[in-house]
Amino acid sequence: MRMTKILAMAALVGLAASAAWAQKTTEEGIAEYRAMLQDGNPAELFEAKGEDLWKKPRGPKNASLEKCDLGKGAGVVKGAFVELPRYFPDTKRVQDLESRLLTCMETLQGFNAAEIANTPFGKGEQANLEGLVAWISSESRGMKFNLPQSRTEEKTMYEVGKRLFFARAGTHDFACASCHGTDNKRIRLQDLPNLTKPSGAASGFGSWPAYRVSSGELWGMQRRLNDCYRQQRFPYPRFGSDATIALAVYMGVTGKGGESVAPAIKR
Amino acid sequence: MGDPMRIRAQVAGANAVVRVLMAHEMESGQRKDSAGKMIPAWHIQDVTATLNGKTVMTAEWGPAVSKNPFLQFTVKGAKAGDKIGISWKDTKGDSRTDEATVS
Amino acid sequence: MRKPMKFLLPAAAFLLAGCASAPAAPDYDQLTVAIMKASFRDQGIARTDRLAQDDTNRACSAADVAGKPLDEATARALEAANLKTVKMPLDGKFLGDWKEGEKIAQDGRGMTWNDKAGALSGGNCYNCHQISKQELSFGTIGPSLYHYGKTRGVTDPDSPAARAVVEYTWRKIWNAKSYNACSDMPRFGHAGILNEQQIRDVMALLLDPKSPVNQ
Amino acid sequence: MQTRRETLHRSAVVASLLAATGLFPQFAWAYNNTAFDAKSVPDVLKALGAGAPVASKDVMIEGPDIAENGAVVPVGASTTLAGPKQILILVEKNPSTLAAVFHVNDSIEPNFKTRVKMGQTSDVYVVAVMADGRALFAKKEIKVTLGGCGG
């Protein structure tokens, strides 16, 4: 009796060990695949388009975006991305890159921001936003995230973002934290960064905007969060809404000091 | 005319390594739209590379080449300052030509 | 001049402006609820009523924000309340077809704003669990379920000896919060994600000695 | 220093000038529809006028063992053989087997990298077609995995 139990245990341990080995090679295979994609990221195509869109006079006012203030003064692009979202006195709002671009497109170029916010991803001016966020983020590549937290509004958004991150709801009781609240977890074969820790938040938050291999599209943080909420079985987060910006503040502040690699290439 | 390509051509010994990204849907003809209708195939089918205007490579592609295609190849004897040209033509007859300087 | 950012609802704008000028620490919980309400809209079957939290989700979310687990008494009370929601199969049949169960375990679709009302949903099981040995693409959020029945000594799921394991597994799938108030696992029966027959099929995948899970 | 946009703009101008002078090549050859419609490795080779495929250690395929997404699978195709006419990339289990044909001459190395779509786990072939019609190949199985979340 005792003997059979020991034998059974040994068999189980053996199985577990071989399963772990097979898993290791799968993970190595995936790492190899990702490494092969690094050279030649199609996000570059979007960056080139975005730079053009920034400098070209467009919209009802036939103006470029070159006077747009992304937080570091009118027209300053370098380093702006790693300090967003932040508070803007003119709109009296904490804004992320995408909602700030809408402000500039409305005030400088005469576009209707609300209309663009309601346009489906990848269509019309939303497609142009993809290029803009790709280029603007690329201008901060290699710089460290340093979101300002000096203003009450910015601290408030961090606190709200933290609560949203842990909010379980919807048909499946999912919160952001269900998948992104623990170290070393995977969904299927995809590694899940722990967004509650500095390193995880830096790598998770810090690789968007990214070229999505699965759809062949450039996704900004707004679209990334939108699809997270879709898969969480939540209702639809409005483009540029305070909930999405608060979450970005929570992740970005948590990831302070991490290096921006955006726009990255992702599955 | 499609969006511009990104071409990088770098000297490597006696040769130049050329990396190209092309902006193209590369629709496979195997997918259905949300209404369940087949989306017709639409892809780059011919690619040509030139060195200082002289053709050095041609390729034929099917719909299985990935969206926003990546291509890397090595041109013999290309030096810094040489011009690498890339042209593509797709199944709708649309085409695009871009050029880069070897560095 | 046109007012920028028209899509920001006035309620949230007011709250944010209000709290910015308030000297005392704002009530972040209340503000979060208001911002959530203003930020989401209905899309397809995914309506804003999904944002409402029941007692379990509210208590677990608050515990997560605080960074400490629920106190014993609250956890036990919530588990008891969840256990009460479990419906056992009326005909006493717990196991269906493991082949169908495997399909449900693989399927991650259903109940998003892209899905149709009334369409059958998948179980999402492989997203979080290793199940059969053949599928290499599995998640690790939940424990491995490989050899689930075998390691629990289930040789005949209909036998009295297997009864306790079989009933526990049914309850766990129907309402995972019955045993762990803040489990990450969805409440498949309770939330109507899977129907009774689908749960039988997933049960068979885990417990049928013929299922690849137990080979 | 030029900005990227200016470079692009300039190169487009230069290119269109070149095209106008006829210096840029026209697409003179005929796209081989029969080869791209073929459903198996032998049928592709037949359509290209090549012989039966023979395995060769002088032909190399580079690719991952496992692809996280079948929409983009990096494949490298090369040979150390002298004087190949064409380098092919084939995915056996795709609806159409042939993915790409590269025509080789003395001006370039027979060494290409690109990315292909794979509908499912499959053998991927790199074939070097020689001047005399011999078809030499290397193959590698590439596994395609299911992504997370399912939808």
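Including glycine, each Cβ sits where the backbone N, Cα and C put it.
Curation does not apply to TrEMBL; its annotations are automatic.
These come from TrEMBL:
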ACT_SITE  A:CYS228  active site, cysteine persulfide intermediate
BINDING   A:CYS68, A:CYS104  heme c 1 binding site
BINDING   A:CYS176, A:CYS179, A:HIS180, A:CYS228  heme c 2 binding site
BINDING   A:ARG224  substrate binding site
DOMAIN    A:156-267  domain 'Cytochrome c'
SIGNAL    A:1-22  signal peptide
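All features noted in TrEMBL, drawn onto the structure.
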{"residue": "A:CYS68", "record": "heme c 1 binding site", "DSSP class": "coil"}
{"residue": "A:CYS104", "record": "heme c 1 binding site", "DSSP class": "helix"}
{"residue": "A:CYS176", "record": "heme c 2 binding site", "DSSP class": "helix"}
{"residue": "A:ARG224", "record": "substrate binding site", "DSSP class": "helix"}
*Determine the minimum-neighbour residue: among A:CYS68, A:CYS104, A:CYS176, A:CYS179, A:CYS228, listed as recorded positions, which Cβ has the fewest other Cβ atoms within 10 angstroms?*
A:CYS228
*Round to the nearest Å and give the CA-to-CA distance linking A:HIS180 (heme c 2 binding site) with A:CYS228 (active site, cysteine persulfide intermediate).*
11
*Which chain neighbours of the heme c 2 site, leaving out A:CYS176, A:CYS179, A:HIS180, A:CYS228, have a Cβ atom within 8 Å of the mean position of the site's Cβ atoms?*
A:PHE165, A:PHE174, A:ALA175, A:ALA177, A:SER178, A:GLY181, A:LEU192, A:LEU195, A:GLN232
_Intrachain C-beta neighbours of the residue listed as 'substrate binding site', sequence separation six or more, cut-off 8 angstroms_ = A:TRP208, A:ALA210
*To the nearest whole angstrom, state the Cα distance for the pair A:CYS104 (heme c 1 binding site) and A:CYS228 (active site, cysteine persulfide intermediate).*
27
*Candidate nearest A:CYS228 (active site, cysteine persulfide intermediate) in space, where candidates are the binding-site residues A:CYS68, A:CYS176, A:CYS179 and distance is Cα-Cα*: A:CYS176
*Among the recorded positions (A:CYS68, A:CYS176, A:CYS179, A:CYS228), which are close to chain C, meaning C-beta separation under 8 angstroms?*
A:CYS179
_Euclidean distance between Cα atoms of A:CYS179 (heme c 2 binding site) and A:CYS68 (heme c 1 binding site), Å_ = 36
_Pairwise over A:CYS176, A:CYS179, A:HIS180, A:CYS228, annotated as binding heme c 2, what's the top Cα to Cα distance to the nearest Å?_
11
*asked:* Mean pLDDT across the domain 'Cytochrome c' (A:156-267), rounded to an integer, is what?
replied: 95
*Tally the residues of the domain 'Cytochrome c' (A:156-267) by DSSP class, grouping H, G and I as helix, E and B as strand, and everything else as coil.*
47 helix, 20 strand, 45 coil
